[in-house]
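A short write-up of the structure that comes next.
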Amino acid sequence: MVSRSSETSEGPPPPSKIPGTPAKTRLSRLNSSPAKQDKPKDDRVVKSSAKDVAELKDYQLGDCLGKGAFGSVYRALNWNTGETVAVKQIKLVDLPKSELRVIMLEIDLLKNLDHPNIVKYQGFVKSAETLNIILEYCENGSLHSIAKNFGRFPENLVGLYMSQVLHGLLYLHEQGVIHRDIKGANILTTKEGLVKLADFGVASRTTGLSESSVVGTPYWMAPEVIELSGATTASDIWSLGCTVIELLEGKPPYYNLQPMPALFRIVNDDHPPLPQGASPAVKDFLMQCFQKDPNLRVSARKLLKHPWIVNARRSDSVVPKKSTEYEEAVKSVQEWNEALRSPDTGTLRKPYRYDAQGAALRPEMAPSRYTPTKDILPSPVSKHVTDRFRSPDSTEEDNWDDDFATAISPSALQLPHLRPQDNFGGMLSSEKLKAFASLDGTVLKSEDGFDDFDDPFSQQPGESDPLRTIRPYSAKPTGMENMSQQTKPTIAAMHHNVPVLKTPVPPLRPQRPTSYFKENSVEDYSDLISANEDILDDKLSAFQDIDEEGSDISIPSPSKEVVRYQASPDHDEDHQPQLRKRISVKRHRSAIEIQKFAENERDEDFSDILGADEVALDKPESDEGSDRSTLMLNSKLSNNSWLGDQDDEDDPFAQLEEGLDEVDLEANIARDKYARLRGQVEGLVSSLKTSQDEDVLGEISEQLLTVFCDLPETKNIIISAHGMLPILEILDICRRRDIILCLLRIVNAIIFNDYEIQENLCFVGGIPIINEFASKKYPREIRLEAAAFVQQMYQTSTLTLQMFVSAGGLNVLVEFLEDDYEDERDLVLIGVNGIWSVFDLQGSTPKNDFCRILSRNSVLDPLSLVLSRVLDEEGELAEIVEGRIANIFFIFSQAENHVKEMVAERTVLHRVLKELKRMTPAHQITMLKFIKNLSMLSTTLDSLQNSNAIDVLTDLLRSTIKRPHFREVSNQILNTIYNMCRLNKSRQEDAALNGIVPLLQKIVKTERPLKEFALPILCDMAHSGKVGRRELWRNKGLAFYISLLSDPYWQVTALDAIFTWLQEETAKVEEHLLDNRYDKMSFTDSIVRCLTISKANAFENILEPLQKLLRLSPPIASTFARPDLFTRLGQKLHHNKAAVRLNLLRIISSICDSSEEQGGLLAKYGLLEAIRELEHDPAILVRDMAGKLIQSNERSESFSLEKRKPGMRRKSTSTTPPGYLANQSAPATPQINRFNQPKAYFDGRESQRHPRPSLSSSALALRPGSRDGTGPSLSAGLSSSAGPSRNRLSRGVANRLSQVELLAEEETRPSSSLSRRRSILPQRRRPTHADSDWAS
């Protein structure tokens, strides 16, 4: 990290007059920002100045900007230019030799990169203790420090920053560089508001942990990186999404977890939790970043086109073109956090396109919405609203609109206090009806004050009869779904003052005759009509027609209103006005309500009742309730018992006497006994009172129980006598156990298999009273009765079970489980079945809630004990109970994480694991699922390990390998072992010691579906410690990995495992890889075939570990100088991804460096022209690497020409003593290259490669050794001139790097990649011992 962790100082401090004096540090502190001066003393101590490095003579180190595990970052001043830079010091002690050389090579390449959104690498200087990387200085620190000091970022600012980050990231990806460590601390800012990516490429290598463990902090890491599948450009996109969450929330995802649990969650979860308050655009952006499959993750180029990023750039383009300045960014962050902390709902700025005042106005608008208006008169606006939601007009004959068809005011219909019982306040009196029937259409003024209401629709101009006003719209019989559409014309007509009389209204056609059930509602109102006799005649004739068809004045129902009016083409428009007026003359039903019960002289005929054939009753729908009585009456009449014959002497009870049996004396006695019994039981029940003496209550309860046992039919007597409540009242206060026992038996007998009585008992509060007797303080007999009651509650109906649980029944069930199985087996089994029934309940309550309640009582501990006892028994019942216990365990493993943590007790797990082998196969698989689900939570892994889960599961896997259910068992076991061993070396070694390796190898060879579960465990074994690798050696693990190279899905993982193993035990692994005594394909052939047949994604991913492996082991690299490999590499040299082209060039370079012909291989295998084309590649790093290969080829050709003309070459006259060679760190003169290269300490150019005829013992002595300190097996006969303490370095690295980097310690001059001026002195090369070797 190059940033200042907690300061915002402006500009570099003025240089001290005397370099190296403490005054400079004090002055820099005085010139720092107030934010820094307010820091406590402890922080200022941390930011101490660096110890002067003699090799950094052109720089003066200042205060510390940040510290990490491998070093610190200091601000420094360049004495020559006055430029302020950042110097990252890395301790060499913490770096492996191979990593140091890689870093120095990479820095020399990365310093060529230049983009406004990445931090510039300026070079490096190597000292005896540290490697000093010189970087561009960003004065305003990182986004992490801004968030730490000022709070969370608003979305628009995050979008603006992410736009710049994506531009920098896109540039790096186009250059073939993977950042690997994107987070807020590695995104630095400048005063101009620019953000720059830091710590990409090389610097990220220095933040990792040793022993091939997971690199860096886990919270930003992609799942494929955690699983050691290799980092790609898609891994940076995942980290970018985590950085967005970090800036929005102030913390990265899973920040509340420890690193290892966080790694576990990243791999297992579908995606990290998204911020709750994020906008949909941000959530969509994050979901694009968090695609689990790296192949489906979008690229940086596509993310730049995301709407959120585009809008952020567009909003920024409104202001001047330059980026957001630092002060403005800080101000916006402060305002945003103040808004988050403020109690009111208003916002400081207008969010997107929402109304800025909307949030503030909503609380004020809310009360007015529910405030009732003081004036009940409908306003013009309210009339439109109410009309829109009016009920559809009734279309029966009993139509109120027909009664008001002339001049009634619609506003009167809206009055809530008018009731039909009082004729609507007099509006429907006979006087009013006379006025409605008059021709002038005027309305008499009401005495009740109804004339105060204005009626804008009472007098509407129109073309039709002036007597008509508002009419109901005639509906077609289409059903209820068209009701709203049928009422629209009427409403529209009222709004536009257009009469609706043009709509044809057909005559009424009732569905059924009702003349038998009502008085004739047609009366003569001729005295009400003034002068028009013709109209009266027409009205009367119309009523006559209607009466002939029958009319219906039944109470209208909503389901019939729409179908009353039926359109008929037989009636034209001319008949409609008269029909309207005729209908309106009728009296409303409310006016004759009382008269319908009066007899009608014409209704003396009872033929309809007697069921005469000539009269057909059309039973109305509303009379369905009288079906039984009507049918019974007709059946009686059909028997002619009293009406069919007029003879008065006939006995009306003749039929009754015929049906009587003979007098049965025994039946009479039984009835008498039952009557006496009923009286006795009712007397006993009435005596059950809490005020009775306990002795009396005891006698009563015993008598009642005796009677009930002798005659179970007395159950109904007790219920009818309301005996349940007295029994519950006595049970609530009684303490005599004999009374309690008797009453409990009575209750259980009454409620047995009768869910209605059970529900009634629950409703009156019987459950908590009886549950009390399940406690252990009561004797066994009482507890058994209480248990029988509990059993009835949970197995009869869902409702009783729900009420049982709500009354605290779960605690009762747990208490049953805790009893001794030997003594109280029935109680224990009732508890097991009860808990199973609770989980089997299909109700609205989530099972997770039951799990949480039961986990507080540690229910799985007694359940595991019960499981052990049940497995000792045989029979169907034992198997059922075993299955139910296994299902209960499985349900607990599906609950929330808190429940899993509570149930993952060591004693429970140990007991369950021990009983696994004894369980039946089906239930065994269920219990294995329970263990697997627990293993998916990182906090339970220690408990599983302490319960010997790995040992037990491995043994179970071995014992079931030949059984029919092996596939299901191994599926669960392998998942569990994988979850436990992943990212944990101790558990990996534990599994290896228990013999998991040969089992997994056998599964991989035989079981294809299980191969996907076994291979991850096997490949992770190479990353474990010495114990795991020893088991791999014992089971030919290296040969197994080589065989995996032929699998396109696992070749990348296998090659990464081989490379990791080679790092840990270099000499031994290298020897086996070079040995071709294996019967199968050699390692080199496997790699060549892998590169030849691999698909696009696999080919890209395999290049990274392959180039690392070849760079680490030159002897292995030398075996790859094959024409078939170079042909394949040449086909891919023009790949569209820069990272692929760069890795291919690195592989070719490693092979050339390790071979005798070196750069000559390019011309030999026809790659020279293709690499010459790459010298013009758009990617800077590719161009630079191609140029170095071309120069290597030129040097090789030049050397071969010199070798053909030995007379032209002068032999060396002096040699370098071995002691001097072992201690030097740099040549005495800056220039170290021979063929007119730029004279620099280290500029990444290829040093001269010296051909060697073979890998001699002295060459092997220079190769890197293992991390465990073992040397190569071929180094026994080394010459004494090499020195025993000399570090083993690879020959390829020795050829590629200058002599500056060959030795670990330097005392004379530092190695550096910084450019220096050419020396004006004559260039002379110091002769070396190697020169004398090959020159002679």
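The backbone N, Cα and C atoms fix where each Cβ goes, and this holds for glycine too.
What Swiss-Prot annotates here:
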- 1-10: compositional bias 'Low complexity' (COMPBIAS)
- 1-46: region 'Disordered' (REGION)
- 36-46: compositional bias 'Basic and acidic residues' (COMPBIAS)
- 59-309: domain 'Protein kinase' (DOMAIN)
- L65, G66, K67, G68, A69, F70, G71, S72, V73, K88: ATP binding site (BINDING)
- D181: active site, proton acceptor (ACT_SITE)
- 368-402: region 'Disordered' (REGION)
- 384-393: compositional bias 'Basic and acidic residues' (COMPBIAS)
- 654-682: coiled coil (COILED)
- 1194-1205: compositional bias 'Basic and acidic residues' (COMPBIAS)
- 1194-1336: region 'Disordered' (REGION)
- 1213-1236: compositional bias 'Polar residues' (COMPBIAS)
- 1253-1264: compositional bias 'Low complexity' (COMPBIAS)
- 1272-1285: compositional bias 'Low complexity' (COMPBIAS)
- 1315-1327: compositional bias 'Basic residues' (COMPBIAS)
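L65 (ATP binding site) and D181 (active site, proton acceptor) have their C-alpha atoms 19 Å apart, to the nearest angstrom.
Of the recorded residues, V73 (ATP binding site) and the residue listed as 'active site, proton acceptor' place their C-alpha atoms 17 Å from one another. Compared over the binding-site residues L65, K67, the count of CB atoms lying within 10 A of a residue's CB peaks at L65. Mean pLDDT, taken over the domain 'Protein kinase' (59-309), works out to 87 on the 0 to 100 scale. For the pair K67 (ATP binding site) and D181 (active site, proton acceptor), the C-alpha distance works out to 16 angstrom. The two recorded residues, G71 (ATP binding site) and D181 (active site, proton acceptor), have Cα atoms 17 Å apart. According to DSSP, D181 (active site, proton acceptor) is assigned to coil rather than to any helix or strand. The most densely surrounded of the binding-site residues G71, V73, judged by C-beta neighbours within 10 angstroms, is V73. Residue density at D181 (active site, proton acceptor): 27 other Cβ atoms are found within 10 A of its Cβ, drawing on all protein chains shown.
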